[in-house]
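Listed in Swiss-Prot:
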- 128-141: compositional bias 'Basic and acidic residues' (COMPBIAS)
- 172-175: motif 'PPXY motif' (MOTIF)
- 217-259: region 'Involved in capsid protein dimerization' (REGION)
- 290-298: region 'Involved in capsid protein dimerization' (REGION)
- 351-362: region 'Involved in capsid protein dimerization' (REGION)
- 507-524: zinc finger (ZN_FING)
- 533-550: zinc finger (ZN_FING)
- Asp614: active site, for protease activity (ACT_SITE)
Amino acid sequence: MEAVIKVISSACKTYCGKTSPSKKEIGAMLSLLQKEGLLMSPSDLYSPGSWDPITAALSQRAMILGKSGELKTWGLVLGALKAAREEQVTSEQAKFWLGLGGGRVSPPGPECIEKPATERRIDKGEEVGETTVQRDAKMAPEETATPKTVGTSCYHCGTAIGCNCATASAPPPPYVGSGLYPSLAGVGEQQGQGGDTPPGAEQSRAEPGHAGQAPGPALTDWARVREELASTGPPVVAMPVVIKTEGPAWTPLEPKLITRLADTVRTKGLRSPITMAEVEALMSSPLLPHDVTNLMRVILGPAPYALWMDAWGVQLQTVIAAATRDPRHPANGQGRGERTNLNRLKGLADGMVGNPQGQAALLRPGELVAITASALQAFREVARLAEPAGPWADIMQGPSESFVDFANRLIKAVEGSDLPPSARAPVIIDCFRQKSQPDIQQLIRTAPSTLTTPGEIIKYVLDRQKTAPLTDQGIAAAMSSAIQPLIMAVVNRERDGQTGSGGRARGLCYTCGSPGHYQAQCPKKRKSGNSRERCQLCNGMGHNAKQCRKRDGNQGQRPGKGLSSGPWPGPEPPAVSLAMTMEHKDRPLVRVILTNTGSHPVKQRSVYITALLDSGADITIISEEDWPTDWPVMEAANPQIHGIGGGIPMRKSRDMIELGVINRDGSLERPLLLFPAVAMVRGSILGRDCLQGLGLRLTNL
């Protein structure tokens, strides 16, 4: 094969130039053609009659497997062979120019029967015949200056006409001193001794025939035999079906690879890219029906396996239909032998049932390729049916979710859907514009029109987020990480100190101002008919905050004693700690972040709301529209809120809530811990308990 590769490579370099294939590519192509049965020997490639079948077979293989490397190499080789043929560069002339010419030799004499076969070996690529003129020119006597052809002069006496020698009609013995037979050791030794070979010995080695006698058989071409043995040896590839010296053989799959694939399917699922990559790698080489069915039975459950069997049968029926229309289909063995059928492809024919060795021996290479490709396509269909992807239209970016995480969920859902590949990118970009947070939507709206792919949109948003101010999710994450140690310290201190029933930390009492209990548990609470109650504004007795005469002067602040429900004492004297421009002149609205500090698992740990600063409300009330549905609440001691419109049912948060006010520049005020009330009101209200805890006073600055 090496000699054929060298000849073809030289021709390709001559006629193809820089695009000529390498010797490695030519050797791989020749090995494939021999394996498919398209060439009995590499030298058969010189025959123009084999060119069209080779082109058809490689084209069909490229369409089935999607691999066009061998087809491209064959196209270059075919062009070189056709160019050489058009220039009428025959094989005899090429061998003559390269010094590789040979000739027929009669059967050896008795003296040569005992010689080893290596002495009779000839180089690969030699022709068994040669023209009479060339042969006689080589066998001219050494003392003659000009070669003499047979029929014009006698070999012994040199007479041109009228020779009566008995050997006049016989051709001379072959010239054994040429370099055409480098392995003939006996001839080389005789030449090394410096003596001419006797004519008798020459005749005994290769006795010439007489006139009219048929030429003897050629010597065995051991170079060609060596090529045949090398071509039938096991290839250096990892295939379940290998070709050995004694014929095709079946080798089992690696158990570790199957175990790892089964674990990947169980942990990652059928639609995972890792699973698909491992399945494609394991089925990259032809598999027997025995291996295919057992592999799918291991990695698939009962229901997916039943779906796969049906899908595999449909794919095999497609192969059979194509093979029926084309007699030279690869599954039909290029027209040699019987046509393929469903029983053969499923391994149910005679001699194949439950017998992998029989399947390896009886199935053609084209059938093995079709079986494996159909099984892989059926597996892809089952993966889409057994594990459908979630609806991409319902995916939205959460309040505290980063844009990258949102993009990951969206792209995974879109790629797992049934959308055509050409429509996936526009759908992803449209979801970025509609399903992301408002600040991200604003960035995407201001993006240049040249950004047309999801990757460009993601990169643009990430670059802008690096230079833009903190977003809501960034503020929530930063505040949560900074306040969490302080929250735990406060909770631990309250547990170690003053606790009420149930072990829950208590704030300040609204009646007596003492810590450790609520107003409902206050021992000094006003009895029915008792007019001695404490004012929450001036700390006086006998009246309440609504009746206090100092209400207009201090806006409900008590001099000398803070009423914060959190761990921070109230400022003395009260001062403005929050300076901001309200969104409305007549209604002081602020942006607030609420963080649940409890251990109860919730979907969203932080939410953003808009609340009204109301110094006339005793407590902070969160509207049920703003309150997350999965945040736990409990019944309050006072089940109603009394206002101008009457009583409103009220509940209370079971977990401690961290409340922070966000300024216009994105900065945060000092957070506050409290248990807010939850009621069906039109908007959330920050009452006096929150204002006092923040040290806030509303004025007309």
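A Cβ is built for glycine as well, from the same backbone N, Cα and C atoms used for every other residue.
Assigned with DSSP, the residues of the zinc finger (533-550) fall into helix, strand and coil as follows: 0 helix, 2 strand, 16 coil. Following the DSSP three-state reduction, the secondary structure of Asp614 (active site, for protease activity) is coil. Note: the region 'Involved in capsid protein dimerization' (290-298) comprises 9 helix, 0 strand, 0 coil (DSSP; helix = H, G, I, strand = E, B).
Mean pLDDT across the region 'Involved in capsid protein dimerization' (351-362) comes to 83 in this model. Broken down with DSSP, the zinc finger (507-524) shows 0 helix, 2 strand, 16 coil.
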